[in-house]
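Student: The following block contains the structure, expressed as structure tokens.
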Amino acid sequence: MIWSLLGQAPVSLAYYKSSLSIHKTKPSTPLNRFSSGFPAPISTPAIRVFCSKSARVGSMASSVQNQGSISYLTQREAAEVDETLMGPLGFTVDQLMELAGLSVATSIAEVYKPSEYNRVLAICGPGNNGGDGLVAARHLYHFGYKPFVCYPKRTQKPLYSGLVTQLESLSIPFLSVDELPMDLSKDFDILVDAMFGFSFHGAPRPPFDELIQKLVNLHNYEQVQQKSPVIVSVDIPSGWHVEEGDVGGEGIKPDMLVSLTAPKLCAKKFSGPHHFLGGRFVPPAIAEKYKLCLPQYPGTSMCVRIGKPPQIDISALRENYISPEFREDQVEADPLDQFRKWFDDAMTAGLKEPNAMALSTTGKDGKPSSRMVLLKGVDKGGFVWYTNYDSQKGRELSENPHASLLFYWDGLNRQVRVEGSVQKVSEEESEQYFHSRPRGSQIGAISTVVPGRHVLHQQYKELEEKYSNEGLIPKPKHWGGYRLQPNRFEFWQGQTSRLHDRLEYSPQEIDGKRVWKIVRLAP
């Protein structure tokens, strides 16, 4: 976006009227960030890329297929794109700022969870980059973070005043430069660098030179192995040259860069572990006009990872769960009632497929196997699912009619283990459920082992034609349900510092009656 910083005049749009020369390059080779002795990296999938039609032809097409070639904008090109967005395409600066700030917040949330990186300081400049930071702070508040804002050179325009009012209404503290600690590493977990955008040029003036130096100093703390907050730069690391990057090598070293609209040329010099693209507002007309080649956004996400994939030390992956206590005096006496209670919580929370469960079986050879299936009923008799009796699980259950189920509800930090004996449900019950399924699912159940997916589609088409005039599709003999009758439950609730709650239900007889004994297990 076009703006003026530190009292400097806005960059002239007329200056940018020359022809464009969009620079494309492949992501740089990933840095090796593994701990010694670790066998192999875990990398994200190759980037899917969308390009303008004219950019897809010739050698460009082949380079896109190879990890994806991303467009990098010069300073003048970035200004022209913004001019087009806010000119003939009808966008307003507040619309773009809202989308940009949301993109920054969602990028942060993708990597830095509020349970471990809660305290956020957004350092905002007087221009649109600072406005992006103010919007990001608001969204981070609603995402569960505790944001603070340093906004030393406020822009006295209704748009910016409104953003300040919104933050003040959420009781988000504003800190002056003098109120900031000398060492930012002790008070904050995330530092959002939203001082300068791509229209900035020249040397930073006070107080931003001092603020940039505070961020630079954090790199020195890292070198002496002192814990340091992560730095997230918005579009351009402040103080960097928009096209040449950190020219002197003494600038900010951000851990995350969130490029907006398209990465600027300086992003090629970014060596941190996390590079995201945000600002999901580039219409096809812009992509075509400027021959932009950008990654596709997944689903409904407002950000997408670009550049090199992160190098992950699996041994360092951990989640510090934050959950309500799960105590013996809170639980239901009957584990089926407790299961229904937690299942209802999972449904209410809108979790995807809360009835998904891992089914583990063993045959006479004693070798375990697991797969995901869907729970289709639960009552006093137990847990019901349906499948192919001739499958591996069906064969193993015929040899050893015992199994375990595992439900995992990530959004609630909960899991439930159920063990017990297994038997087939009645043929009548299987028939009733089979004919309640969508017609396509009924046809799919008839298929057997096939040599390839093309044969599967052909079989489906033939069966669809075969039963097109029949009202009722007959249930295959090899298809039906199982019921696990539980003899052990374990309810697990994740807690901080791995002090998890684990309550086990096991049956016992008291005065001739079967009751469930509840004991607490070690985390």
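Keep in mind that glycine also has a Cβ here, set from the backbone N, Cα and C atoms.
As annotated in TrEMBL:
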- 78-314: domain 'YjeF N-terminal' (DOMAIN)
- Asn128, Asn129, Gly130, Gly131, Asp132, Gly197, Phe198, Ser199, Phe200, His201, Gly202, Ala203, Asp235: (6S)-NADPHX binding site (BINDING)
- Asn129, Asp193, Ser238: K(+) binding site (BINDING)
Student: What's the CA-CA gap between Asn129 (K(+) binding site) and Gly202 ((6S)-NADPHX binding site) in angstrom, rounded?
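Tutor: Approximately 16 Å lies between the Cα of Asn129 (K(+) binding site) and that of Gly202 ((6S)-NADPHX binding site).
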Student: Excluding Asn129, Asp193, Ser238, please set out which residues of the same chain place their CB within 8 Å of the center of the CB atoms of the K(+) site, keeping sequence order.
Tutor: Ile123, Gly125, Gly130, Gly133, Ala194, Met195, Phe196, Gly197, Ser233, Val234, Asp235, Ile236, Pro237
Student: When the number of other CB atoms within 10 A of each residue's CB is tallied over all shown chains, which of the binding-site residues Asp132, Asp193, Asp235 has the maximum?
Tutor: Asp132
Student: Over all shown protein chains, what is the count of other CB atoms within 10 A of the CB belonging to Asn128 ((6S)-NADPHX binding site)?
Tutor: 29
Student: Out of Gly130, Gly202, which of these binding-site residues shows the lowest number of other CB atoms within 10 Å of its CB?
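Tutor: Each of the binding-site residues Gly130, Gly202 was scored by Cβ atoms within 10 Å; lowest is Gly202.
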Student: Hey, of the binding-site residues listed (Phe198, Phe200), which one tops the CB count within 10 A?
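Tutor: Most Cβ neighbours within 10 Å: Phe198.
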Student: Listed binding-site residues are Asn128, Gly130, Phe200, Gly202, Asp235; which of them have CA atoms within 10 A of the CA of Asp193 (K(+) binding site)?
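Tutor: Among Asn128, Gly130, Phe200, Gly202, Asp235, the ones whose Cα sits within 10 Å of that of Asp193 (K(+) binding site) are Gly130, Asp235.
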Student: List every residue in the same chain as Ser238 (K(+) binding site), at least 6 positions away in sequence, whose Cβ is under 8 Å from its Cβ.
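Tutor: Counting only residues 6 or more apart in sequence, the Cβ neighbours of Ser238 (K(+) binding site) under 8 Å are Gly125, Asp193, Met195, Phe196, Phe200, Pro204, Phe208, Leu211, Ile212, Leu215, Ile252.
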Student: I'd like the number of other C-beta atoms within 10 A of the C-beta of Asn129 (K(+) binding site), please.
Tutor: 28
